[in-house]
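J.: Encoded as structure tokens, here's the structure I'll be asking about.
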Amino acid sequence: MATQLHRSLKTPAAVAVRGLSRAFGPRRVIDNLDLAIRPGEFVALLGASGCGKSTLLRILGDLDPEFEGEVVVPSRRAIAFQAPRLMPWKRVWHNVVLGLPGRPDRKRAERALDEVGIGHRADVWPKVLSGGEAQRAALARALVREPDLLLLDEPFAALDALTRIKAQALVAELWQRHGCAILLVTHDVEEAILLADRVLVMKEGVIAHHEPIALDRPRDVADPEFARIRGALLDWLGVAHGAAH
């Protein structure tokens, strides 16, 4: 396959994808997809399971080189998954700076952990963290790299409802503070509307719909415009309005 992945910010977009295709055997998961994300823009990506959302995110994160087309992404980018993927044999603070050049910088790790509200857990082993704390540690690990692009692959899916609400608020706050572009893959329509500047719907390997979100922040699910947008997105997803969030 012809692979062209460029790490650059010398374009007006934080992400520029042209003619992207990815096949697994005879099945074409992504089919000539185009996508642009502006610097500092928060974009949420919705779609049915298996439509190619996570594959797209992995390509943008340079975790899947077997694609056709052109992908332009920032040199500084980070990714956080649904599973925090912390190394169990390293303390939390060490996990945060794992992979950074030079000697492990504890102070840098502590600053990142403080920012996500778990500075007091720097010296514990990952196995003693709650699900919400582990996800915060994963966010700290991503943000300590000072990314221009943050890729989030269903980071809240395994959290209970209350912890999920807190995690959503934290991500919104961190985005405002850091100003990086974010691409969030999610199955939760309300989450997408609450957080994003723009919501995309992926179907049959392409971006089938763009929905700009012009609501003021913080957003209210009881707002009639919120309900209208939710209904429109559910229509694109082929879901009855009373059947999903």
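Yeah, the Cβs are placed from backbone N, Cα and C, and that goes for glycine too.
Pulled these features from Swiss-Prot for this protein:
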- 15-229: domain 'ABC transporter' (DOMAIN)
- Gly47, Ala48, Ser49, Gly50, Cys51, Gly52, Lys53, Ser54: ATP binding site (BINDING)
J.: Please average pLDDT over the domain 'ABC transporter' (15-229) for the predicted structure.
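T.: Looking only at the domain 'ABC transporter' (15-229), pLDDT averages out to 95.
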J.: Once the DSSP letters are reduced so that anything not helix or strand counts as coil, what is Gly47 (ATP binding site)?
T.: coil
J.: Excluding near sequence neighbours, so keeping only residues 6 or more apart in the same chain, what lies with its CB under 8 A of Lys53 (ATP binding site)?
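T.: Within the chain, Lys53 (ATP binding site) has Cβ neighbours under 8 Å at Leu45, Leu46, Gly47, Val185, Met202.
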J.: Mind telling me which of the binding-site residues Ser49, Ser54 has the densest Cβ neighbourhood, counting other Cβ atoms within 10 Å?
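T.: Counting Cβ neighbours within 10 Å, the top one is Ser54.
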J.: Once Gly47, Ala48, Ser49, Gly50, Cys51, Gly52, Lys53, Ser54 are set aside, which residues in the chain still have Cβ within 8 Å of the Cβ centroid of the ATP site?
T.: Thr55, Met202
J.: Using a 10 Å cut-off, grab the number of neighbouring Cβ atoms around the Cβ of Gly52 (ATP binding site), all chains included.
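T.: The answer is 23 other Cβ atoms.
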J.: Least buried of the binding-site residues Ala48, Cys51, going by other Cβ atoms within 10 Å?
T.: Ala48
